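S.K.: Got a structure for you, written out below as structure tokens; questions coming shortly.
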């Protein structure tokens, strides 16, 4: 047992020493000179930056809607962090998500993070540039009855569920669409 403890201490000590970085003091200042804190320059930078005249606002507000003509990227539903303020993206409540919707050839049955940091959904069944950030109210509804492995279910089920959590299908036929959510 003692040899194992010794090997462990050697391994742990070596790991600690490998993580240490050498400290280089640099040039030694002349005796009697005033010390300068690291990173301090004698002069401040003189660069200036021209900002655009428009008023900008961040878009991290939930429930934000953007029409296609305001889209900052080609067919990407995520606005830039600085988007022009307008009447549409200041709206807090908007139309409902169109579930299921198709975006770039893939069908979505719930909000997605595709090309985005935040959850969003399309307002059209075929994505045409009209979209919004999702809220708690934008969750898709369970569809009852639904078919799972050729059996009909009238309510949420725990069959084949991870940790026995109840789930439901988002379409009438799970076997065909594979769309589901936890209840």
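Note that the numbers count up from 1, one per residue, in the order the chain is shown.
Even glycines carry a Cβ here, placed using N, Cα and C.
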S.K.: So one of 57, 125, 135 should carry the feature O-linked glycosylation site according to Swiss-Prot; which one?
M.R.: 57
S.K.: May I ask you to name which of 59, 171 Swiss-Prot has annotated as O-linked glycosylation site?
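M.R.: Record lookup in Swiss-Prot returns O-linked glycosylation site for 59.
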S.K.: If I look at Swiss-Prot, which residue among 64, 102, 112 would I find recorded as O-linked glycosylation site?
M.R.: 64
S.K.: Checking your reading of the structure: which of the disulfide-bonded residues 97, 111, 134, 156 lie inside a 10 Å Cα sphere centred on residue 142 (disulfide bond)?
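M.R.: Of 97, 111, 134, 156, within range: 156.
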S.K.: Find the shortest Cα-Cα separation between residue 156 (disulfide bond) and the disulfide-bonded residues 97, 111, 121, 134, 168, and name the residue that gives it.
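M.R.: Closest by Cα distance to residue 156 (disulfide bond) among the disulfide-bonded residues 97, 111, 121, 134, 168: 168.
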S.K.: Check the DSSP secondary structure of residue 168 (disulfide bond), expressed as helix, strand or coil.
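M.R.: It is in a strand.
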S.K.: Listed disulfide-bonded residues are 97, 121, 168, 183; which of them have CA atoms within 10 A of the CA of residue 111 (disulfide bond)?
M.R.: 97, 121
S.K.: Taking only C-alpha atoms and a 10 A limit, tell me which of 121, 134, 168 are near residue 183 (disulfide bond). These are the disulfide-bonded residues.
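M.R.: Taking 121, 134, 168 one by one, the ones whose Cα falls within 10 Å of residue 183 (disulfide bond) are 168.
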